[in-house]
Amino acid sequence: MADEENHFLKIEDVSTAFKIQGKYYPAVSDVSLDIHNDEIVAIVGESGCGKSTLATTIMGLHDPAETKIGGKIEFEGQDLLTLNEDQMNKIRGAKIGMIFQDPLSALNPLKRIGDQIQEGLDYHTKMTEAEKKARVLELVNQVGIPHPERVIRQFPHELSGGMRQRVVIAIAIACKPDLMIADEPTTALDVTIQAQILDLLKDIQKENHAGIILITHDLGVVAETADEVAVMYAGQVVEKGSAKQIFDNPLHPYTRSLLRSMPQKDSENDDLYVIEGSVPSLQKMPQDGCKFAPRIPWVPESEHEAHPTMHEVEPGHRVRCTCYKNFKFQDEA
Amino acid sequence: MSLIEVKDLEVHYPIRSGFWNRVTDEVLAVDGLSLNIEAGETYGLVGESGSGKSTTGKSIVGLEKPTRGQILYKGKDITKPRNRRELDYNQDVQMIFQDSLSSLNPRKRIEDIIAEPIRNFEHLDKNQEKLRVLQLLDIVGLDADALYKYPHQFSGGQRQRIGVARAVATNPKLIVADEPVSALDLSVQAQVLNFMKRIQRDFGISYLFISHDLGVVRHMCDNIAIMHRGRLVEIGTRDDIYNHPMHIYTKRLLSAIPETSVEGRAEARAHREAVEREFQENQSRYYDKDGKVLPLVDVTDTHKVALPADEIDKEDK
Amino acid sequence: MWKTVLRRVLIMIPEVIVLSVLVFLLAKAMPGDPFTGSIGPHTSAAQIHQLKVQAGLYNPWYQQYWNWVVHLFHGNLGTSFQYQEPVTRIIGERAINTVWLALFTMVLTYAIAIPMGLYAGRHQNHIGDNIIRVYTFVTMAIPPFVILLIALWIFGYVLGWAPTTGSVSATASGTMGTVLSRLQHIILPGLVASLTGTVNIVQYLRSEVIDAKHSDYVRTARSKGVPTTNVFRHHILRNSLLPIAAFAGYSITGLLGGSVVTEMIFSYPGMGLLFLNSISYRDYTVITALVLLYGLLNLLGTLLSDIILTAVDPRVRVQ
């Protein structure tokens, strides 16, 4: 249950490396983030930037034999990375809930909706069977699914995509977690449904005083929902700040490039901006220096730092590397 | 004359149910749809999943057999296979799919994938053919070493460009692009869209651009049709649709697009909820008693909307 | 669900009719008639003709077919040339033997395969999994008859632990004695047959478990805080056993048909051996009856699998 304390998650220098043919390659490196309750922090970036890996690292869902994780994830006074499986199981689902991208595959096809929502309650509460049933109905109602009594007896394939995503949300919020991690919660959905789901998430957050980590590639979704934003590229956070800071005053060349490649009003007659080159694969990722440098080859090496760090530009607004200072697009010369 | 004229297109799928598994009902995937695509333009077809937009696209390419209605090309109805053959329709109309990986044969090299339509329609010798393939790869910005690779060796954006090259190979007049960039990252999407525009300028190709993404459609399309429940609710120019939307469903779609400005957030949500409320309350006026979209009414020369009679009067005043 | 099952049974009716017509035509196409073998050298051509007319052999084929079907329903499948006994009785005797062996093999196969497959999938790449994989590869590489012969030689002849022929000892007396004697006879062929039969199931189940372990719904379950053992029990187990359960329908009816190889090597008087002997003696009435029976068993196997699938998979029910 959510106390009125200011619970928060403090991610410090977290790195996650995957074993590929005997060698470890970092998918996430040196990520530091703070999440408070009553706050939505968006982690935005393109596929392969490590945003989902960061989420599953917080949840402790990686196979320890195949991954190497470093740093600290402090949550309510303990470091999640030092906990064993049993201790993590007391936190997963109870204090941290996770919402996944593809609602069809995220639900067990052979279990009734009601049972899948109730499962978390079975492990984290001492409710009686009747209390659990009532809570499941309450949850189904809360996420806006019509005919709760009928739906809890149905199977996932009998529901529409939007309804399934609501079920996934109901599962995540069943035990009123202090933190919710939503990994691309609306990518598989139509725009009108997307808007409804995002509004629903915000409402639940307000009710539960939870913190939300919203992982997405969609800048529009970020602008509409996030309080704080972290932009990730190649496993690192390259820029973070309030949503206002990021959208009104983007500084890092990557953030600026992304925003510029979005189709805008009145952009019909222009070519869209294309970032040169492509995101390197995990094995070919540059290990040191500014990882974005190869994508802005016209910027002289002297503009980059040898070991890029985060620089605080204004309170709360941080940018990695020094290359942002004099950055201009080629056509701006 | 328009390049393609779709007239009262209907595509029904049977629903089988009951003990004997008989056809008890039909899904009206496309339920009486008419539109004209002009030469050299990009025509946007927008709708949510299940609206029938993909079925419409497939019918135009000839991958789906219409239940009723006509699709006229050079004045002939190409829903009849004989006319399709006569007009070389399959050469003139090509398609790009959303899922670039599953639409390219994984066991074929890029050279063969792109050359396949050329082999079907033109008779070139080996060298000419290779030259043509190289030319096509160049058009979509890929190097010659792509020739001997397989689809899985490319990224999603590159594969989508290979799909574009294959579609362009036969010098088509129309390319039906079904959600061509929906699976792509923002920066890669920009690249594919740029190539599509460039090819259109260079070769005078028309696109039927099928998408649910109203931002991309605004960037790409001259004329736009909004589809809902198998019918069109509104047709118009970009300006008509984005600046003067009239149908309640169009308004609802537009209000759901997230804006990239942080300040307007609360107002945007309030607006969205107001439109949603209006949609729920007034829906019955914009759809007939069976929930079907009303017939389109001319509002201006370019703008047609499926409005109820009393709304039209209001607009007139 | 019962609707689906009933519909599925109804669909079987035309299948059975087509099968019976095919089998009938096959029997007609074979040389000889019911009198072949029972007619002495002194029977005149006129008498033979008279017999054939009486038996209706000059009637149109559909009438003959109808008669055949009527006989079929009365349990009259003709007389075996080889044994000079009604086919139903011969098959009946053999069927009992085969059912014993089939059930024993089936139970043993699943009793061995399911734990092995689950263990291998759950502890992928651990020592136990590697041992199981070596076992499956070796068993798959050696043809079953070789394994059967080796087992027969070692346990039957060298060690003398198990009888080498027959289905029940002639000296066995009393119900208990007969049952024990039967078990004694099927234990070796059943064990060897199930050991070779487990291979496919183990491999299939192993990969199903591994797939399920990496599935999104298992990740969801883990993110709910479900302990690993329970994730396995409540999510992975049922989902990966589903295709195996559906397959059981085919496999039981397959076994009921009798295994030619096993029965031949152990001289076990089951249906497989009967089929083989009938072919070598050109005992057409028996062959026809067995082909019909095999066909029916096959249809029944598909039916059974479909019913199992309908019962366990909610996604099938709706369609």
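Placement of Cβ uses the backbone N, Cα and C atoms for every residue, glycine included.
Fair warning: this is a prediction, and the values are worked out from it, not measured in the lab.
Taken from TrEMBL, the feature transmembrane segment covers C:9-27 (among others). Only residues 6 or more beyond the boundaries of the transmembrane segment (C:9-27), in the same chain, are considered here, and those with a CB under 8 A from a CB of the stretch are 61, 64-65, 68-69, 72, 284-285, 288, 291-292, 295-296, 299, 303.
Residues or ranges marked as domain 'ABC transmembrane type-1' in TrEMBL: C:95-305.
As annotated by TrEMBL, transmembrane segment applies to C:99-120 (among others). If one looks beyond the transmembrane segment (C:99-120) by at least 6 residues along the same chain, the residues whose Cβ comes under 8 Å of a Cβ in the stretch are 128-129, 132-133, 167, 182-183, 186-187, 189-191, 193-195, 197-198, 201-206, 208-209, 237, 240-241, 244, 248, 251-252, 255-256, 258-259, 262-263, 268, 270.
Remote same-chain residues near the transmembrane segment (C:132-155) are listed as 116, 119-120, 161-162, 164, 188-189, 191-193, 195-196, 198-199, 202-203, 206, 261-262, 265-266 (criterion: CB distance under 8 Å, separation of at least six residues from the stretch ends). The transmembrane segment annotation in TrEMBL covers C:132-155 (among others).
Annotated transmembrane segment per TrEMBL: C:186-205 (among others), in sequence order. A Cβ distance under 8 Å defines the sequence-distant neighbours of the transmembrane segment (C:186-205), meaning residues of its chain 6+ beyond its ends; these are 100-101, 104-106, 108-110, 112-114, 116-118, 120-121, 132, 136, 139-140, 144, 147-148, 151-152, 155-156, 161-162, 167, 240-241, 243-244, 247, 251, 259, 262-263, 265-266, 268.
Annotated transmembrane segment per TrEMBL: C:241-266 (among others), in sequence order. For the transmembrane segment (C:241-266), the residues of the chain that approach it from at least six positions outside its boundaries are 94, 98-99, 101-102, 105-106, 109-110, 114, 117, 144-145, 148-149, 152, 164-165, 188-189, 192-193, 197, 201, 204-205, 208, 272-276, 293-294, 297-298, 300-309, 312-313, judged by C-beta separation under 8 angstroms.
Same-chain neighbours of the transmembrane segment (C:286-309): 5, 8-9, 12, 15-16, 19-20, 22-23, 26-27, 30, 77-78, 80, 82, 87-88, 90-91, 242, 245-254, 256-257, 271, 274-275, 278-279, 316, counting only residues six or more beyond its ends whose CB sits under 8 Å from a CB of the stretch. Taken from TrEMBL, the feature transmembrane segment covers C:286-309 (among others).
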